Amino acid sequence: MTQIAIYPGTFDPFTNGHLDVFERASNIFDSVVVVIAENSRKNTLFSVDERREMIEKIIGRYPGARVEVLHDGLLADYARQVGAKAIVRGVRQVKDFEYEFQMSLLNRQLNPDVTTVFLMPNVKYTYVASSIIREVAMLGGDVHNFVHPNVLEKLHEKYNVCKGQSNT
């Protein structure tokens, strides 16, 4: 039986920290579905379609990997719908864990068949967050160590920044 996990997030943008957690999950589960949460309360830089395209280019070479969008509804219900037995969450610090632990308990109540699996990224990504990447890129900083080249290109397009040059 195929063990399916879902890896949800906004992924605006998908960072090397996200990729690291995805790769770790891929070593545990037969199939990992990256689920882009469309959250109308968040003001995102990239559209859902842009995020999907970027992530598909990055994870497309992994067996059992796919990208889907959760437009509305509960993650616990989505997990049931796709037959996922696990929800993968990356945890960088204690603050992340506190929030994710609460969400894990809620998801368990809503869907007792799904388990949340907490994975820590490589230590070099523990301070990397999409919001920080967006801000540094917007200010012309070099983020090439924190995102895939295809994401870097899209950030440059969004912020009209030439590679290796700041916008000042």
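Using the three backbone atoms N, Cα and C, a Cβ is placed for every residue, glycine included.
Summarising the annotation, Swiss-Prot assigns substrate binding site to Thr10, Lys42, Leu75, Arg89. Residues or ranges marked as ATP binding site by Swiss-Prot: Thr10, Phe11, His18, Gly90, Val91, Arg92, Glu100, Tyr125, Thr126, Tyr127, Val128, Ala129, Ser130, Ser131. Positions annotated as site 'Transition state stabilizer' by Swiss-Prot: His18.
Val91 (ATP binding site): 18 other CB atoms within 10 A of its CB, across all protein chains. Per Cα geometry, Arg89 is the residue among the binding-site residues Lys42, Leu75, Arg89 nearest to His18 (ATP binding site). Nearest by CA distance to Ser130 (ATP binding site), out of the binding-site residues Thr10, Lys42, Leu75, Arg89, is Thr10.
Spatially, by CA atoms, the binding-site residues Glu100, Thr126, Val128 include one closest to Arg89 (substrate binding site), and that is Glu100. For the binding-site residues His18, Lys42, Arg89, counting C-beta atoms within 10 A of each C-beta gives the highest total at His18. Around Thr10 (substrate binding site), the C-beta neighbours below 8 angstroms that are at least 6 residues distant in the chain are Ile36, Ala37, Asn39, Lys42, Thr44, Ser130. The Cβ of Thr126 (ATP binding site) has Gly17, Arg92, Gln93, Met120 as same-chain neighbours under 8 Å, each 6 or more residues away in sequence. Spanning the residues Thr10, Lys42, Leu75, Arg89 that the record associates with binding substrate, the maximal Cα-Cα distance equals 19 Å. The two recorded residues, Leu75 (substrate binding site) and Glu100 (ATP binding site), show a Cα separation of 13 Å.
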